[in-house]
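Features as listed in TrEMBL:
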type: TRANSMEM; residues: 21-38; note: transmembrane segment
type: DOMAIN; residues: 25-468; note: domain 'Major facilitator superfamily (MFS) profile'
type: TRANSMEM; residues: 73-98; note: transmembrane segment
type: TRANSMEM; residues: 105-125; note: transmembrane segment
type: TRANSMEM; residues: 131-153; note: transmembrane segment
type: TRANSMEM; residues: 165-184; note: transmembrane segment
type: TRANSMEM; residues: 196-217; note: transmembrane segment
type: TRANSMEM; residues: 280-303; note: transmembrane segment
type: TRANSMEM; residues: 323-341; note: transmembrane segment
type: TRANSMEM; residues: 348-369; note: transmembrane segment
type: TRANSMEM; residues: 375-402; note: transmembrane segment
type: TRANSMEM; residues: 414-437; note: transmembrane segment
type: TRANSMEM; residues: 443-464; note: transmembrane segment
Amino acid sequence: MAEEVLIPSSGKITSHLTRSLLAVAFLTSFGSSMLYGYNLAVVNSPAGYIKDFYNKTVVSRNGTGLSEETLTLMYSLTVSVFAIGGLLGSLIVGILVTRFGRKGTVVNTTVLVFIAGSLMGFSRICGSPEMVIVGRFITGIHSGISLSVVPMYLGEIAPKNLRGFLGLVPSIFIGTGVFVAQVLGLHELLGKEEHWPLFLSVVVVPTFIQLMFLPWFPESPRYLLIEKHNVHATITALKWYRAKCNIQAEIEEMQEEQRSLSSVDTFSVWKLLLDETVRWQVLSVVVINIGMQLSGIDAIWFYTNDIFENAGIPAPEIQYTTAGTGIIEIIAGLIGCFTIEKLGRRPLMIGGFAVMGFCSAGITLALILQAHLPFMRYISVCCVVGIIAGFCIGPAGVPFLITAELFKQSHRPAAYIIGGSLNWLSNFTVGFVFPFLQKSAGAYCYLVFAAICVSVAVYVYVVIPETKNKTFMEISRLFSKKEAILETQGLIHTDQLKLKKMNGYGGVEHASLEFDSSSSVP
């Protein structure tokens with residue numbers, strides 16, 4: 001019974017937010033996305049205790065302690081190995097989502113969290129620094145997978161009028177994860193020396209809750225229909241996720257995409273990069289994912305304590321002030337989540353990057369003038385808050401959502417591999433290069449981030465169309481029109497204007513055909 005069900009279209013496909021949609025968004029974000037934010041911040045508070053544990057372990061093994069340089073190198077490896085694991089996770093996500101499905105990948109990869117949590121939790125009892133490092137590496141793999149598969153899953157189960165709202169839920173939980181790590185790291189809670197293994201391994205709790213409930217929810221309807229050709233399972237899944245909606249009209253929209261991809265296999269990364277019909281989509285994913293990390297947000301998070309100390313905030317109160325920035329992240333994320341379906345993707349991206357660029361330039365000015373004008377120290381604090389708010393309101397989550405929206409089912413896994421790997425590589429690059437950049441350029445280093453933010457904002461304004469409340473087929477046609485316009489402007493050589501198969505992006509062939517026929521008129 002895998003026959004196509006052809007139903008006449010009845011206009012717009014709209015739907016209300018159901019309990020099932022909200023529950024899946026919460027479970028996937030709480031048990032997966034939040035762990036990324038938590039693991040970013042969890043190593044800051046117990047840094048001294050972890051270094052002391054490393055040194056004592058080596059003394060007990062060899063009779064001599066570690067030099068300061070070696071100890072710093074071991075701790076730096078503990079921090080940075082998370083990004084290396086994330087890169088690996090982003091590279092294998094395409095294989096996993098094709099084989100296990102979107103929900104299946106989220107559920108099956110929870111085993112990584114339990115392995116990592118056990119390694120880090122029992123590391124001190126076993127006297128093994130290696131267990132901490134390997135545990136961090138494994139959590140990185142899980143985060144690399146989660147950053148791609150969660151927005152992919154939510155983007156596919158959401159109706160088009162709620163895709164932006166649900167797509168930004170993971171970014172709220174990433175900010176929540178950072179905030180939870182900052183709060184639990186306070187000395188009054190898990191910030192004591194005897195508690196740091198528990199502090200690192202507490203990630204198993206939200207994952208366990210996710211594993212208890214998420215398997216009861218259906219797989220992505222688009223995956224079930226387009227890749228598995230299971231109409232009945234698709235209808236069942238849509239009934240779970242929709243209320244008072246024309247399910248038949250939505251199935252017809254998915255079948256239109258299925259028919260356009262009937263002779264197209266799932267794309268590899270290399271094949272996607274060579275496909276001229278999606279070059280603007282690929283370039284857009286590259287720009288926004290690199291820009292997301294090279295915006296300097298990681299550098300700001302890492303040096304927040306130093307900036308607050310320079311502003312004259314007493315040292316004992318800095319940890320509470322830093323935790324306060326976590327509240328700003330959550331509030332900004334909520335603002336973005338509840339306004340994206342009204343304002344659209346472009347305003348949040350352009351506005352977010354523009355605010356970050358302005359505030360990055362403001363930090364440079366404040367650091368230069370604060371020796372002469374004491375009040376400039378507080379301007380630098382305001383700029384830090386502005387950068388964090390600007391990032392969380394749009395650039396923190398919209399790039400992952402846009403990656404899902406710009407591609408059809410056959411191209412989407414490879415697109416997430418490209419976006420995710422570039423995201424993690426850029427993350428690692430900023431962490432490695434920024435200390436040297438700061439030493440060589442001083443306060444002017446933030447101008448580099450300002451220039452990148454403004455450049456990305458301009459690119460989004462010029463190139464990326466608004467995708468709000470549009471189907472995946474409609475979005476692909478928007479880029480097809482852009483391609484056709486460039487052709488008519490002579491930016492593509494006329495001998496390339498031939499009627500050819502466009503891997504399912506049929507709008508390009510139609511546009512090319514029209515241009516060919518018109519160009520033959522004297």
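Backbone N, Cα and C define each Cβ position, glycine as well.
For the transmembrane segment (165-184), the list of distant contacts is 17, 21, 25-26, 28-30, 32-42, 44-45, 147, 150-151, 154-155, 157-158, 190-191, 199, 202, 301, 319, 322-323, 326-327, 329-330, 332-334, 336-338, 340-341, 392, 396-398, 400-401, 404: same-chain residues at least six beyond its ends, Cβ to Cβ under 8 Å. With a cut-off of 8 Å on Cβ pairs spaced 6 or more residues apart, the transmembrane segment (348-369) and the transmembrane segment (280-303) reach 3 or more such pairs and are scored as touching. Annotation: stretch 280-303 has the most Cβ pairs under 8 Å to the transmembrane segment (443-464), among 21-38, 73-98, 131-153, 280-303, 323-341. Between the transmembrane segment (414-437) and the listed ranges 21-38, 105-125, 280-303, 375-402, the one holding the most Cβ pairs under 8 Å is 280-303. Between the transmembrane segment (131-153) and the transmembrane segment (21-38), three or more CB pairs separated by 6 or more residues in sequence fall under 8 Å, so the two stretches touch.
On the 0 to 100 pLDDT scale, the domain 'Major facilitator superfamily (MFS) profile' (25-468) averages 85 in this prediction. Below 8 A, the CB atoms of the transmembrane segment (21-38) and the transmembrane segment (323-341) form no more than two pairs separated by six or more positions in the chain, fewer than 3 in all. Within the chain carrying the transmembrane segment (280-303), a Cβ under 8 angstroms from the stretch's Cβ atoms is held by residues 40-41, 178, 272-273, 349, 353, 356, 360, 384, 387-388, 391, 395-396, 398-399, 402-403, 406-407, 411, 415, 418-420, 422-423, 426-427, 429-431, 434, 446, 448-449, 452-453, 455-456, 459-460, 463-464, 479, 482-483, all 6 or more beyond its ends.
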